[in-house]
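Participant: Handing you this structure, nothing more for now.
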Amino acid sequence: MSYNRRSKNITQGVARSPNRSMYYALGYQKEDFDKPMIGIANGHSTITPCNAGLQRLSDAAVAAVKDAGANPQIFGTPTISDGMSMGTEGMKYSLVSREVIADCIETCVQGQWMDGVVVVGGCDKNMPGGMIALARINVPGIYVYGGTIRPGHWKGHDLTIVSSFEAVGEFTAGRMSQEDFEGVEKNACPTTGSCGGMYTANTMSSSFEALGMSLLYSSTMANPDQEKVDSAAESARVLVEAVKKDLKPRDIITKQSIENAVSVIMATGGSTNAVLHYLAIAHAAEIDWSIEDFERIRKRVPVICDLKPSGQYVATDLHAAGGIPQVMKLLLDAGLLHGDCMTITGRTLAEELKDVPSVPRADQKVIHPIDQALYKEGHLAILKGNLAEDGAVAKITGLKNPVITGPARVFDDEQSALAAILDDRIRAGDVVVLRYLGPQGGPGMPEMLAPTSAIIGKGLGESVGLITDGRFSGGTWGMVVGHVAPEAFVGGTIALVQEGDSITIDAHKLLLQLNVDDAELARRRVAWKQPAPRYTRGVLAKYAALARPANQGAVTG
């Protein structure tokens with residue numbers, strides 16, 4: 001039986017003789033035209049350490065596809081570095097790159113009639129971009145995560161890239177020496193691999209194990225390790241088998257499997273960006289999913305992993321402690337996962353977890369039993385109020401009291417806010433408002449890691465609030481609320497905030513409120529005028545014209 005269900009459209013028959021001529025130029029033989037064509041979407045790039053170690057994974061996948069009797073077809077996908085673009089205009093391209101990656105994969109797979117695709121990626125937007133594409137095209141696919149970076153070390157302390165961001169605030173506050181500042185800078189990123197805490201890349205890759213679209217244990221392996229190469233090869237072999245079975249993404253990505261993925265995100269203390277990305281993945285798979293679903297899951301799934309940014313450990317520690325399968329086994333035994341969901345292996349999630357211990361190892365402190373959870377409920381809360389009628393996202397772990405009422409300090413761009421923080425013009429009790437940074441207004445919802453890390457570095461993490469219609473890095477923690485919708489650019493209430501207005505953030509009551517009476521807000525609304533778009537040409541202008549609101553995943557199609 002042949003399994004080239006799709007590629008036969010461009011390899012078979014008299015009319016396709018010119019096509020075969022071109023394949024012969026690539027080294028194909030006559031017998032190859034009856035084999036499935038498997039795409040390898042290779043995100044390798046020397047732009048960022050997140051992607052600089054992907055070539056050997058892609059090479060391993062290519063070899064495994066050949067060994068499995070299929071034809072590998074490698075093509076490139078773009079990336080930008082969220083960490084390097086942070087705090088600059090370049091960060092506006094980050095979320096846009098999610099859409100570009102999805103479109104690139106769709107274009108190549110559909111244009112070339114590939115029978116399946118192995119997606120290999122590393123930096124933050126690579127994961128949702130790839131999964132959006134797989135859900136959209138519904139061609140057999142698997143996700144291979146590039147793996148995490150190893151932690152850095154300086155004077156007995158473990159470091160991640162967030163250590164460098166927070167050091168900026170500490171150094172400018174006089175709380176860190178020049179020697180330590182440079183020591184952190186030089187040692188925070190010692191290897192290739194994605195940022196090491198439960199930040200966005202590790203959040204999304206971990207959730208893909210629960211979603212059923214990546215192999216177990218693959219998300220917490222370190223990029224430099226041989227087991228990561230071996231896992232990439234095994235992923236490719238599994239994908240070829242999925243092609244033979246005609247097992248497609250939408251057989252795996254269901255509302256129940258998304259609930260599994262989000263449950264793991266809650267249990268591990270994952271990134272706020274996961275809210276945006278799973279709205280987009282669900283949209284691509286044509287699944288009914290809303291921000292209210294996140295809140296529903298948050299209320300029943302505890303945080304059981306002590307992971308950075310609000311905890312102590314990093315992804316390599318989680319891997320040594322049993323990885324995501326150990327987390328999932330605890331959740332499954334507690335009735336918090338759907339064990340009957342299909343996975344890319346052709347087995348159910350429960351079958352995949354059958355041999356995982358029911359109790360975490362006693363010699364580790366990363367994964368806690370359910371009855372010893374760090375927090376009884378999840379950490380990604382959906383806040384509403386007159387400042388966010390359509391919702392906003394807050395990360396509420398790591399704080400002694402996630403409640404603040406204080407005067408608004410209003411900024412219409414990130415650079416002005418960062419300067420105010422570093423110049424000590426932001427004080428305890430203030431609520432920083434960063435606006436006109438939403439999907440349309442930014443455009444692209446840039447991440448606010450630079451100002452939030454500066455607040456932490458200044459020692460104000462527990463006493464200063466920050467709200468924005470932009471996003472936060474997975475490395476952010478503190479009294480922060482993002483994804484405010486409606487955004488300022490379309491006239492959301494956040495556009496009406498004035499310097500000194502009283503704002504309340506209350507994560508206990510799930511409230512984000514501007515304490516100004518309705519009559520005054522009505523007067524301000526009449527006077528408000530939409531600003532001119534920041535960009536009128538190029539990819540940012542295209543994105544701004546197409547982007548949906550944050551509460552709909554900020555998708556473009």
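Just so you know, glycine gets a Cβ as well, placed from its N, Cα and C.
Quick paste from Swiss-Prot:
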BINDING   CYS50, CYS123, CYS195  [2Fe-2S] cluster binding site
BINDING   ASP82, ASP124, LYS125, GLU447  Mg(2+) binding site
MOD_RES   LYS125  N6-carboxylysine
ACT_SITE  SER473  active site, proton acceptor
Participant: What count of other C-beta atoms do you get within 10 angstroms of the C-beta of LYS125 (Mg(2+) binding site), across all chains shown?
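Facilitator: Around the Cβ of LYS125 (Mg(2+) binding site), 28 other Cβ atoms lie within 10 Å.
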Participant: From the binding-site residues CYS50, ASP82, CYS123, pick the residue whose C-alpha lies nearest to the C-alpha of SER473 (active site, proton acceptor).
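Facilitator: Sorting the binding-site residues by distance from SER473 (active site, proton acceptor), the top entry is ASP82.
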Participant: Are there residues of the same chain, six or more positions away from GLU447 (Mg(2+) binding site), whose CB falls under 8 angstroms from its CB, and which are they?
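Facilitator: Correct list: ASP82, MET86, MET91, SER94, ASN273, GLY470, ARG471, PHE472, SER473, THR476.
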Participant: List every residue in the same chain as CYS195 ([2Fe-2S] cluster binding site), at least 6 positions away in sequence, whose Cβ is under 8 Å from its Cβ.
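Facilitator: The answer is CYS50, GLY83, THR148, ILE149, THR160, ILE161, VAL162, ALA201, ASN202, GLY474, GLY475.
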Participant: Using DSSP, would you call GLU447 (Mg(2+) binding site) helix, strand or coil?
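Facilitator: In the DSSP reduction, GLU447 (Mg(2+) binding site) maps to strand.
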Participant: Near ASP124 (Mg(2+) binding site), how many other Cβ atoms are within 10 Å of its Cβ?
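Facilitator: Summing over all protein chains shown, ASP124 (Mg(2+) binding site) has 33 other Cβ atoms within 10 Å.
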Participant: Looking only at Cβ atoms, how many others are within 10 Å of the one on CYS123 ([2Fe-2S] cluster binding site)?
Facilitator: 29
Participant: Specify all same-chain residues, apart from the site residues CYS50, CYS123, CYS195, whose Cβ lies within 8 angstroms of the center of the Cβ atoms of the [2Fe-2S] cluster site, ordered by sequence.
Facilitator: THR48, PRO49, ASN51, SER81, ASP82, GLY83, GLY122, ASP124, ILE149, GLY193, SER194, ALA201
Participant: Specify all same-chain residues, apart from the site residues ASP82, ASP124, LYS125, GLU447, whose Cβ lies within 8 angstroms of the center of the Cβ atoms of the Mg(2+) site, ordered by sequence.
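Facilitator: Once ASP82, ASP124, LYS125, GLU447 are set aside, the remaining close residues are ILE80, MET91, SER94, LEU95, SER97, CYS123, THR200, ASN273, SER473, GLY474.
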